[in-house]
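In what follows, a structure is listed as structure tokens, so that the remarks can point back to it.
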Amino acid sequence: MGTSKKLVNSVEECANDALAGIVASNPNLQLLQGHRVALRSDLDSLKGRVALLSGGGSGHEPAHAGFIGKGMLTGVIAGSVFASPAVGSILAAIRAVAQAGTAGTLLIVKNYTGDRLNFGFAMEQAKAEGISVEMVVIGDDSAFTVLKKAGRRGLCGTVLIHKVAGALAEEGMGLEEIAKRVNVVAKAMGTLGVSLSSCSVPGSKPTFELAADEVELGLGIHGEAGVNRIKMAPADQIVTLMLDHMTNTSNVSHVSVQSGSSVVLIVNNLGGLSFLELSIIADAAIRLLEGRGVKVARALVGTFMSALEMSGVSLTLMLVDEPLLKLIDAETTATAWPHMAKVSVTGRKRIRAAPTEPPEVTEATAAEGVVSKQMVLVLERVCTTLLRLEEHLNALDRAAGDGDCGITHSHAAKAIQGWLKEGPVLTSPAQVLSKLSVLLLERMGGSSGALYGLFLTAAAQPLKAKTDLPTWSAAMDAGLAAMQKYGKAAPGDRTMLDSLWAAGQELQAWKNPGASFLPVLTKAVKSAEAAAEATKNMEAGAGRASYISSARLDQPDPGAVAAAAILRAILEVLQSQGA
């Protein structure tokens, strides 16, 4: 595999450009001249308070610059991608905040050798210059079950430390006291990552390869491999495994979370996971924690500390009490800190009762009796026809849309079959059409479900009064009018409307006195089938296919084909019944 595609200007400048972009879009930040350092633009308002500096390699965005703001970090020093920041820049940042009149600086450093060395070296130099500086090293990684000499890696839990330290500094607490408090809090948290893919540093190949059916467990945030490779499994299983690993007392780096514990949970996107998956994992994590008797006090879900485009997630658990929650809840202007309700996640009612439905009115009409049996036969034939056409319609749809037209129509057929199994009393055509419209709207999906729903609702209205042939023609007109009004399609736009409209034209004959039923319906069905075939040569004027550049789609429109097939099924049953 070659190097990965990245939207950068150059590999050399990507870290500078990224930090410049974060500062450019946030008026509360400034760059420090000559250094890859971002600082609060209101630095001079911090006189007499403790300044908080953090940082590390680039590629972890929004960390660390996204956490600069009142109530969080004073500034950050960024290295190049996944590399420790330069000593000279760390020192420049310490001097800048000291010269603004702050009462000492706390360095919040993630536990990596390069970061410890460079921040440590800068701190020693600043102390030699008479600046008051302290350093806390954060290691929240819960991956390694036996003690490593290097200790636990600093991961997403560090963001909570930025928040707690920031709230304490905002309250006016002194440097030593903040360092002491933060060290205690940092011991009561753990983070574990899992990923479906590796990531690649700009200009390089992916850092490790994963088979299609594997996930990496316990990996860090620099594309380094984890402690374990596991087989792909449903989200619930993977989250269960992660929580088990993190809270297992025989794991030397576990978090002491048990039934009755209160925690802050972070569900952190490692950069390339879809928000859909992230929400599924958040649901699993909260549900599984609550199932173990753990109280989730707050949940942060989003991207807080990433590893470029790594398609993975990390879970962080921090044990909390009320005083600690007050610090988590304290106001901050940092853009990457989420808006969270200042109430517990666990214990909230998550479901509101469904609205009450209007009572069903049974409309007695003249046309009962035989109608019921005939309508059941018609509907059954329509369903079997659509199920038989599923693959054909999908194939037609792949040329012009998302290839699900057959599936959508199958959903409709199965929903109708399920309803017929319940043995409903079909009293009148109007009632049946109304019921079908609700079924299709709820169960068919896609815009076809909505369009058929609208068509049937509108068509049912005239049939409430009477059910003679002119009224059936009027019902067709009403359905077509509703479809055109809301679907924005016109005849000739290469949609299902083409078939239905062609049939509707023929059914006008039912409005003439003495019109015959089956001959007119037969002509209408043939006309619908011809119209469906003719959509081959049309340019799509509406629907998803209208976004496809190939002006001529050489297959007929699947919606039109389906509509014509439905009409044909109706005709065949009525012919065999000698209606």
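Including glycine, each Cβ sits where the backbone N, Cα and C put it.
TrEMBL lists 10-337 with the feature domain 'DhaK'. The annotation substrate binding site is assigned in TrEMBL to G57, S58, G59, H60, K110, D115. Look at TrEMBL and you will find H222 tagged as active site, tele-hemiaminal-histidine intermediate. Residues annotated as domain 'DhaL' in TrEMBL: 373-572.
Where TrEMBL records a feature, it is marked here on the structure.
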residue	record	Cβ within 10 Å
G57	substrate binding site	24
S58	substrate binding site	26
G59	substrate binding site	27
H60	substrate binding site	29
K110	substrate binding site	30
D115	substrate binding site	25
H222	active site, tele-hemiaminal-histidine intermediate	20
Those binding-site residues, out of G57, K110, D115, that come within 10 angstroms of H222 (active site, tele-hemiaminal-histidine intermediate) at the Cα: G57
Annotated substrate contacts G57, S58, G59, H60, K110, D115, maximal Cα-Cα distance (Å, integer): 15
Mean predicted confidence [pLDDT] for the domain 'DhaL' (373-572): 89
CB-centroid shell, 8 A cutoff, substrate site G57, S58, G59, H60, K110, D115, site residues removed: G55, G56, A63, H64, A78, G79, V81, F82, A83, S84, I221, H222
